[in-house]
RNA sequence: GGGCGCUUAGCUCAGUGGUAGAGCGGCGGUUUUACACACCGUUGGUCGGCGGUUCGAAUCCGUCAGCGCCCACCA
């Protein structure tokens, strides 16, 4: 016997362990089945499951379970990402807490050992949590981006790209994070609005005492590194100054005034100071005019005078070398304050304007990034992007919803060189070695590099390895093929590449999706996946982004504890409309928790009525309209579910399951079945039971991808599991149903009849306890035959004592309603208010009349009749006829009841 | 500054040319032997504004407004 209520907590862990232990999640490269592959977006190894993961992985699990049941050899590849900066931070924080030596004191090797230790102890959190969600990942294949195999792939890619000239070292400005002391890529920079000031500084013109060129800047501290002032070539105000020099205050260096289109006469003072080593635009200007590019800030953003010390010149009233020397080692913001104050004292500060502008910040450190002139490794993304753009243009990879392709194209068509080196320790160390003279050797191993050097120099030379590691996204970009063996030629690689679907959020289209497509095409010769399914962000019920500071985060594990994994999963599916963010509320989850209970109770009802799986039931042999109707409805629901899943419409899939199960199967079919099940044994009861068990089996299978736990549990408890677990059961297929159209027509009629009776009784405030005969007036032979066949169900659901044709006079003061050609009469004169019944009928008549008038107006229009398609016109004619018939019936009903 | 998206019932959202839908909520009723996490009934909308195309527009086009997101080097 099924328990009185469904308790998810009691079954989830047991079922999951059963699936995992039985190998139900395993792909099989040796199977002849067609593969279906999804690569998990590898979560950070430091991570724990948040609601966004829950959504992303629920959707993937739905697809994987669905295809697996369809007989595909499903591979859902699990794994985690080493998350360079994030992980290094976590371990450094841990070291600080423990009060031991810090990273630098430990040294690189010891520190890395410590990180690996941490990973072994704490790195499994998120994979455990994915299990709670029910995710059917192929765990024995779990990979980590720093695994030996994946690291091989990284080295191979690095070496090959280098040899192809698609990866190179360059000394240019990078986004430098002064907190983490590393370069970061453009993507890791986010602009934030900052309220600052615009300082107008006076630069004295050389040889013209009392004349100043005023420059406006938001970053006065970088003036130490100025090497020019630029004015617009057309700007009359400054024309005579071009070619002359100005004295840079504080450091006393004379710098040229150059004419450059970059300078905008409308902005600031119209003259702009040029600091090539600390500003991306100035860098370009510096290149154009062959200017010096001294850096005046060190890695931590502190003033550094090394590169300008020699050129400083004492100039009375303009330069103050002692002051400048005092700045050395000061933080950039402290230096800014000091410089502004000193310039003010020296009367070289013209004015200060309040100024709000966008300032680039490191996305992880949160501090303003500092453009810094350094040597870094770059990938020639522009070249790699071309075939990737083409692949999406030609539909080899399709984004869904399609609109995201625009986002992809916009970025890819304007892609910049990708800075891939990071000054961190945790990550893939760059496979490049340097000879004492700086000559670089890129190789898979130190030995290979040494051999190259020997070849080059004709003798052994001491090589030192590049200290830097690669951007974490460099290894993530290889994920679709590195996880399945590349660069080895494994059976997995042959079978599961390219993958079918990538499911992810729009926020990592640039970081990850685009780069996988580029690398996949370049190294595998084919796109890494056919479809990119982009979903929205999970927000709170008010539409706000969930964040710790707002205190509105919903923890998926808590939700699973309270409502069960199935309810959480189903809710996420039901809300996952295409391209829309999800507003998640507790109420919605509770609603779908109720759905799980409903399924449980429907199964209980079936169990109580001896409805059990029967292999010998042949749907094609069903004779009764009731069983034909429900079998046909199950076919339709299944078709809807399939179409929805094919189109990645998880919301439509959930809705199709929900409606059929609740409204179709529970509300109508089981109610109709009750009289039969309570009636005498015989072929009729056997067929209804057969249809019921068949449809319940279809429901459990159809719902399994979204609600794996409760469906698996019921599958076994109801006895469907003789052949094995539901997770491996075949996906249901449509069954042949004879006479489906007739069955539909009949059941539709019964439903309409019952609904009409219920409505009028309710509207006339007839207590449910009052039961009366149900009389049919003007009914066709077919209707009467149906009434006879469905007498028990109609009486039960319509609170009637009997249903029969009206013979003779209509009863006085009956409640009436029109169903098709027939008029229903309920002799209730004693209990109702006849005036109210007249009013009700009149209102109904007026409603129909209103609709008929609209139809008539349409048909009365010559343009409509002559220009609309014939079938539409005919439809209108039919509609009008039906409306007129119904009005006539209502008129008759009113006449009967007339006082 | 450029691009994208959204605006439909109190709330959350479906609905890509032919009588406006769902869920939740609200309201009224019900111990009908699976289920009150239930059942039955019901109330809610000139589909953001304006203009156009069309026999016909929530749906296509234009425009305006509001909201949101992404990208961008503006001193």
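Glycine is treated like the rest: Cβ placed from N, Cα and C.
TrEMBL labels come from automatic prediction, so no person has curated them.
The ATP binding site annotation in TrEMBL covers A:548. Mapped onto three states, the DSSP output places residue A:548 (ATP binding site) in coil. Counting Cβ atoms from all protein chains shown, residue A:548 (ATP binding site) has 7 others lying within 10 Å of its own Cβ.
Annotation source TrEMBL lists domain 'Aminoacyl-tRNA synthetase class Ia' at A:15-585.
Taken from TrEMBL, the feature domain 'Methionyl/Valyl/Leucyl/Isoleucyl-tRNA synthetase anticodon-binding' applies to A:628-772.
Note on the domain 'Valyl-tRNA synthetase tRNA-binding arm' (A:833-897): DSSP counts are 61 helix, 0 strand, 4 coil. TrEMBL lists A:833-897 with the feature domain 'Valyl-tRNA synthetase tRNA-binding arm'.
Residues annotated as motif ''HIGH' region' in TrEMBL: A:43-53. Mean predicted confidence for the motif ''HIGH' region' (A:43-53): the pLDDT average there is 92.
Beyond the ends of the motif ''KMSKS' region' (A:545-549), by six or more residues, the same chain brings 50-51, 537-539 to within a C-beta distance below 8 angstroms of the stretch. If you look up TrEMBL, you'll see A:545-549 marked as motif ''KMSKS' region'.
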Remote residues contacting the motif ''HIGH' region' (A:43-53) - C-beta distance under 8 A, at least 6 residues beyond either end: 80-83, 86-87, 90, 119, 122-123, 125-126, 129-130, 132-133, 144, 505, 537-538, 546, 553-557, 584
